[in-house]
Amino acid sequence: MTASPESMGQKFRNMTANECFQSRSTVLQGQPFGGIPTVLLLNIILWVCVVLVYSFLRKAAWDYGRLALLIHNDSLTSLIYGEQSEKSSPSEVYLEAERRDKGFSTWFFNSLTMRDRDLINKCGEDARIYIMFQYHLIIFVLILCIPSLGIILPVNYIGSALDWSSHFGRTTIVNVSTESQFLWLHSIFAFMYFLTNFAFMGHHCLGFVPKKNLHFTRTLMITYVPTEIQDPETISKHFHEAYPGCVVTRVHFCYDVRNLIDLDDQRRHAMRGRLYYTAKAKKTGKVMIKVHPCSHLCFCKCWTCFKEVDAEQYYSELEEQLTDEFNAELNRVQLKRLDLIFVTFQDARTVKRIHNDYKYINCGRHPMQSSVTTIVKNNHWRVARAPHPKDIIWKHLSIRRFSWWARFIAINTSLFFLFFFLTTPAIIINTIDMYNVTRPIEKLQSPVVTQFFPSVLLWAFTVIMPLLVYFSAFLEAHWTRSNQNLIIMYKCYIFLVFMVVILPSMGLTSLDVFLRWLFDIYYLEHATIRFQCVFLPDNGAFFINYVITSALFGTGMELMRLGSLCTYCTRLFLSRSEPERVHIRKNLAMDFQFGREYAWMLNVFSVVMAYSITCPIIVPFGLLYLCMKHITDRYNMYYSYAPTKLNAQIHMAAVYQAIFAPLLGLFWMLFFSILRVGSLHSITLFSLSSIIISVIIAFSGVFLGKFRIAQQYEQPEEETETVFDVEPSSTTSTPTSLLYVATVLQEPELNLTPASSPARHTYGTMNSQPEEGEEESGLRGFARELDPAQFQEGLELEGQSH
C-alpha cells in the first residue's frame, strides 16, 4: 500500500527538521515568526547609528567621505597657490557640489535629490547604465510585490497543512496542501516572473547597446611577434605586401614597464613635495619636517631618526635620486621589448579583412604571406581588436604565457577549495557550534542574539569572502580593466550564489554533512532529504533575515567602508607632510568596481527570486534592499569613488545573471512538486516544461545579445576618423593619453624637472634666481600638465563625434 502525498510530506518534514538543522545550531534554529521583527528592528537601529557616525566621520576624518571630489580639487595648482576664484568646467561642478555639502546631514539629502544628469556628468556613461539597471530591477520587484503579497501570500496563509501556532510557516508554500489546486498558481507565477524579468532586461539592453562608430577601432593587437624586430617599417612592409592597398599609419612596440611605472609614481610624489615647499618657503620661510614614518608617534626631539630636516632640501634630494633612477630604468626599457605590438591602419575595411584572415589560424589556416614572412613569422601571430589604451593595464603586459596561466590556475584552485569545501558561512557557523563555542549564546534564549547575530555573521562572510575574490583578481594580472572587472563579477556571483543560496538551502550546513553528501555513496541514497531542506519554513526566514541585514546594516557599512577608513587613517597618521596627505587622498579614491557591486546586488536579487514563490514575504524586503542599494551607490559613485569607464561586457554580464536568477525559483518549484506531489503529477510536468522553455529562452537571449553586440563591431557604412587613426604628421595634435603607448613613456619632457633648490644650486644656467612671475607661470603650467589625466583611469570611447 503506497503512502499518500500528504503523509509522505509529513514524514519528510519530521525527518528534515533534524537532518537539515543541527540540534544546537544558532543559525537555522526555529524562532517565533523566524525572528524577522526583531532582526528588522535591530537593523533599523543599527542603520541609523551607522549613518550618524558616518555623517560625523566623513568630514571630521580628513575629508574621507569626499575623496572623489578631492581628486579634482586637490591639484598641484590648488596645492601650491590655493583655490582659484575662476575654475573651468568640470571643476565648477565639483566646487558647486562642495558648496552644497556643508551641513551635518546634507550629504544624505543630496543623494536623494541628486539629478541623474549630475551623476552621469561626473561619473560617466557606465554610471548611467548601472543606475538604469537598478531602476529596472526596482520596478520589476515592485511589480512582483503585487502578486506575491496580493495573491500568493493569502493563498499560502489560508492553507491547512500547518498549525495556527506556526505563524511564519503559514506564509510559506509548506502550508498549502499537496492536494490543493492552488499549487497551480505558484507554478504559473514562477514562470510569469521569469518572462517579466526577461522582458525588463531586454528593455534595459536597448539603452546601452554600443553604437557602431563609438566601438569601432582601426587598431589591432598582435602577439607572438619576434622581439628581434626593432624597425616599425618591417611590420608596415609586411602588411603592405600581404594586403595590397593597406596603409599602416602607426606601429607601437610594447615594453616591460613595471619598474618604470613604480619609479615614476615615486618621482612625481617627490616632485609634488618639492614644488609645495618651494612655494611655501617663499611665503613663510624655511619649513622643517620629520621624515620618519613613525615620527608622529614620538614627540621627543632627542632621537636622531626623528630629527627635523629642511623640507625643500629633503624633497629636492629625493626627487633628484628618483629622477636618476627613473632615467636609468628608462634607458634600459628599450632592451625589454615584449612580443606584443599595436598596429593602426588607415582603412577600417582593411582592419576587418586582416582580423578575419587571422581568426582561424589555430585551425590550420595560413594567413597572407610577404617577402618578410620569415622575419616577422606571421604564421605564429595572434591578432585581436585592440582595447582602448585607457583600458590597458600596461604593467601587466609583461606577465603572460606560462607564468600567467600558472598564476591564474593556482589562485583559482586555491579559492575553489577554500570557498566551496570549507568556508561557506553556514558551514563555518555550524562547525563552530560543534565545539560548544555558541553554548553561552544558546542559554540566553533571546531572538536578539539567536537570530540577529547569525544574520549579521552571514552578511559579514558574504562581504569578506568576495573581497578575497576581488583582491585575487589583481594578483592574476589581467591585461585590461574590463577583463579584470568581468572576472571579478563572474567569480563573485557564482561563489555567492553557491555560498548563500544553494548550499544552505539544501541543508549543507556543516562540514561533515557536506563531505558525506559529496563522497558517501550510501548517504546519496537519502539525497531526497537534502532537497526537502529548501521547503522548511525556518529556511525562508533565515534568508529573509539575510536580505534585511543586507538592506539596512549592509548598505550602511558600504557607506562606512571600514577597511578603507582604517587604511586611510593609518596612512594619514604616518604621512610626513601635506603633499603626502594630498597624494594619499588622491590614491585612495579608487575606481568604482562595477563587477563587484553587480555581483553583490545580483546575489541578493537571486535570493529574492529563489524564494519569491515559496516564501513570498521576502519580496518587499528585496525591494527595500534594491532601493537602499541604489541610494548608497549613487552617493558612493559621486563622492567616494573615482570615475571609471569600461566596455559593455560588464553590463551585459549583469543582464545575463539577472536573466538566470528567476530560474532558481522555477527549480525550487520543480523540487517541491517532485517531492510533495510526485514526479508524474501534472503540476510537476508543467514545472519541468516551464524550466525547459525558460532555459531555451534565456540561452537564446544570451546568444542573440552576443550576436547583436558582435554586429556592432562590423565595419560601419560610413567611417569616422578617430583620434587613433590620424596620419603620423598630425600626432602633435593627438592627446598623448590616447596613444597605444604606456603613459610613463609618453612624457619624456618630464624626465627632468628644472627647479632650483638647496640641494641643486644650479642646473647649468647663468641666472641664479628666476623671475618670480616666470617661476610662478612655470609651476602653474607644470601643474596643469601633470595632473589632469593622472587620476582618471576611465576608458574613453574613441571616435565620439556627435
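Placement of Cβ uses the backbone N, Cα and C atoms for every residue, glycine included.
As annotated by Swiss-Prot, phosphoserine applies to S75 (among others).
The phosphoserine annotation in Swiss-Prot covers S78 (among others), and the record cites similarity to another entry as its basis.
What Swiss-Prot records for 753-785 is region 'Disordered'.
Residues or ranges marked as topological domain 'Extracellular' in Swiss-Prot (evidence: similarity to another entry): 1-35 (among others).
According to Swiss-Prot, the topological domain 'Cytoplasmic' annotation covers 61-124 (among others). Mean model confidence of the topological domain 'Cytoplasmic' (61-124) amounts to 57 (pLDDT, 0 to 100 scale).
Positions annotated as topological domain 'Extracellular' by Swiss-Prot: 158-180 (among others).
Under the heading topological domain 'Cytoplasmic', Swiss-Prot lists 206-401 (among others).
The topological domain 'Extracellular' feature in Swiss-Prot is assigned to 432-446 (among others).
The list of residues near the topological domain 'Cytoplasmic' (477-480) in space but at least 6 beyond its ends in sequence, with Cβ under 8 angstroms from a Cβ of it, reads 387, 391-393, 396-397, 399, 404, 407, 487. The feature topological domain 'Cytoplasmic' is assigned by Swiss-Prot to 477-480 (among others).
Positions annotated as topological domain 'Extracellular' by Swiss-Prot, on the basis of similarity to another entry: 518-540 (among others).
Annotation source Swiss-Prot lists topological domain 'Cytoplasmic' at 574-593 (among others).
The feature topological domain 'Cytoplasmic' is assigned by Swiss-Prot to 641-647 (among others), with similarity to another entry given as support.
Taken from Swiss-Prot, the feature topological domain 'Extracellular' covers 677-681 (among others).
The topological domain 'Cytoplasmic' annotation in Swiss-Prot covers 703-802 (among others).
According to Swiss-Prot, the feature transmembrane segment maps to 36-60 (among others), an assignment based on similarity to another entry.
The transmembrane segment annotation in Swiss-Prot covers 125-157 (among others). Note on the transmembrane segment (125-157): residues 116, 119, 170-173, 175-176, 182, 185-186, 189, 192-193, 196-197, 200-201, 203-204, 207-208, 592, 594, 597-598, 601, 605, 608, 612-613, 616-617, 619-620, 622-623, 626-627, 629-630, 633-634, 637, 643-646, 650-651, 654-655, 658, 797 of its chain, located 6 or more positions outside it, place their CB under 8 angstroms from a CB of the stretch.
Taken through DSSP, the topological domain 'Cytoplasmic' (477-480) splits into 0 helix, 1 strand, 3 coil. Residue counts for the topological domain 'Cytoplasmic' (641-647) under DSSP (helix as H, G, I; strand as E, B; rest coil) come to 0 helix, 1 strand, 6 coil. Within its own chain, the transmembrane segment (594-612) has Cβ neighbours under 8 Å at 126, 130, 134, 137, 141, 144, 148, 193, 197, 462-463, 466, 470, 484-490, 492-493, 496-497, 500-501, 505, 540, 543-544, 546-547, 550-551, 618-619, 621-622, 625-626, 629, 633, 644, 646, 650-651, 653-654, 657-658, 661-662, 664-665, 668, counting only residues six or more beyond its boundaries. Contact between the transmembrane segment (648-676) and the transmembrane segment (181-205) is present: at least three CB pairs lie under 8 Å, with pairs separated by 6 or more positions in sequence. Counted over residue pairs 6 or more apart, the CB atoms of the transmembrane segment (682-702) and the transmembrane segment (181-205) come under 8 Å in at least three pairs, which marks the two as touching. Across the range of the topological domain 'Extracellular' (677-681), the DSSP-based residue counts are 0 helix, 0 strand, 5 coil.
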